[in-house]
Amino acid sequence: MTSRKPRVVLGVSAGIAAYKVCELLRRLTESGHDVTVVPTEDALRFVGEPTWAALSGNPVSARVWDGVEGVPHVRLGQSADLVFVAPATADLLARAAHGLADDLLTNTLLTARCPVVFAPAMHTEMWEHPATRENVATLRARGAVVVEPASGRLTGKDTGPGRLPDPAELFEVARRVLARGAAPRDLAGRHVVVSAGGTREAIDPVRFIGNRSSGLQGYALARTAVARGARVTLVAANVALPDPAGAEVVAVTSAVEMREAVLEAAADADAVVMAAAVADFRPAGYRDSKIKKTDGAEPEPIRLVKNPDILAELGRERRAGRVVVGFAAETDDVLANGRAKLARKGSDLLVVNQVGADLTFGRPDNAAVVLGADGSRTDVPRGPKEALADTVWDLVAERLFPGEEAGHASVRG
Ligand code: CTP
């Protein structure tokens, strides 16, 4: 471990979203990173050199011909701990994929041996064009993290995928990729599905049966998977958290809706992690109008029917090459109940945590035991939910690529 500031090269190519990257730069410098901004010549038409220089505290150049005595086209890439390109235009992705070196940023990309992240932003047609798709696939195959753009309003009147994700969320990607350091982007090119939050089962238009799940653990799983290079579908039930950069968020309300969204996304998935708290039951009948206290002297009982068990359904399907992970919240006999649930649900892994009024729900940290269908047991001490998330992905990766070096040790028991 060194005590020097982590060095980040922030590449900026010529997209209107460059203005949002000022906020990413500010977050990076304020959290103790030494940032050198390397814009392309045309990017300076959107945000000028004085802004980048003032916010980074470092000189800014787009050209290989400035300060040549310091050989910046080689030095910047060689000494960086992270190169983060935002926004990455279609043109920049193409030049990077083909190894062109016609300005300081593309030279830096060729000399960098550290993790590289691209955050593309462009119009939907450009993002979906086969040329861009191939360039993105090439960059991912080489180990770069290419963050999926967000969907929404683009410049002009059109909407669709192509927006630069929120700068605060891009900062989270940078932080996690830096924290992972030289560890491989072992989920690159993989599609993972994560469910998060808690379902709500409607009683009438204003009332529902719900639970206390905050979605924090599922969102931590989505964010860590993005940093490991995965394409992430996040099926979120009633979560009040910002969309993680790089994850496609599918919002659902009830267990039935969640089942539909998860099974659809799971069709081509390499892993499905059911971190959501899914209601086991729902009211048998939905009342179209609000139940009034004047409807009857005594309140009518609410009859419940069983919801589909999504995890058990995935477990029964048992598709080769797809790893299925469940979560179990237990209040007592944690291990015995966990083993029984693992067998009953037919999943490959079960993350068991002990819950109570003051444990787990809504807290940023978590402790758990991860049980494997192969008899393994991995204890995860109390720590940030993102540490548990990384352990889950280590165990998933072990099962996706059996025989390759494991990220950490688990014991048989
Ligand atoms: N789950 C699911 N569909 C349901 C209920 C739960 O997919 N209808 C998933 C959860 O997402 C979680 C796992 O199953 O990954 C465990 O849920 P839990 O409620 O603890 O298990 P149950 O089978 O409901 O067991 P019990 O209520 O007896 O604890």
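Just so it is clear, glycine is given a Cβ too, placed from its N, Cα and C backbone atoms.
For 1-191, the entry in TrEMBL reads region 'Phosphopantothenoylcysteine decarboxylase'.
Among the features that TrEMBL reports, domain 'Flavoprotein' is placed at 7-170. In the predicted model, residues of the domain 'Flavoprotein' (7-170) average a pLDDT of 94.
Residues or ranges marked as domain 'DNA/pantothenate metabolism flavoprotein C-terminal' in TrEMBL: 187-398.
The annotation region 'Phosphopantothenate--cysteine ligase' is assigned in TrEMBL to 192-413.
Spatially close to Phe327 (CTP binding site) yet at least six residues away along the chain are Gln217, Val273, Met274, Ala275, Leu350, Val351, Val352, Asn353, judged by Cβ distances under 8 angstroms. The CTP binding site annotation in TrEMBL covers Asp280, Lys290, Pro308, Asp309, Ile310, Leu311, Phe327, Lys341, Lys345.
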Span of the CTP site, taken as the largest CA to CA distance across Asp280, Lys290, Pro308, Asp309, Ile310, Leu311, Phe327, Lys341, Lys345 (Å, rounded to a whole number): 37
Lys345 (CTP binding site) CB neighbourhood, other CB atoms within 10 A: 21
DSSP-derived structure type at Phe327 (CTP binding site), helix or strand or else coil: strand
Cβ contacts of Ile310 (CTP binding site) (under 8 Å, same chain, 6 or more positions away): Ser195, Ala255, Met258, Arg259, Val262, Leu263, Met274, Val278
Cβ-based isolation winner (fewest other Cβ atoms within 10 Å) among the binding-site residues Asp280, Pro308: Asp280
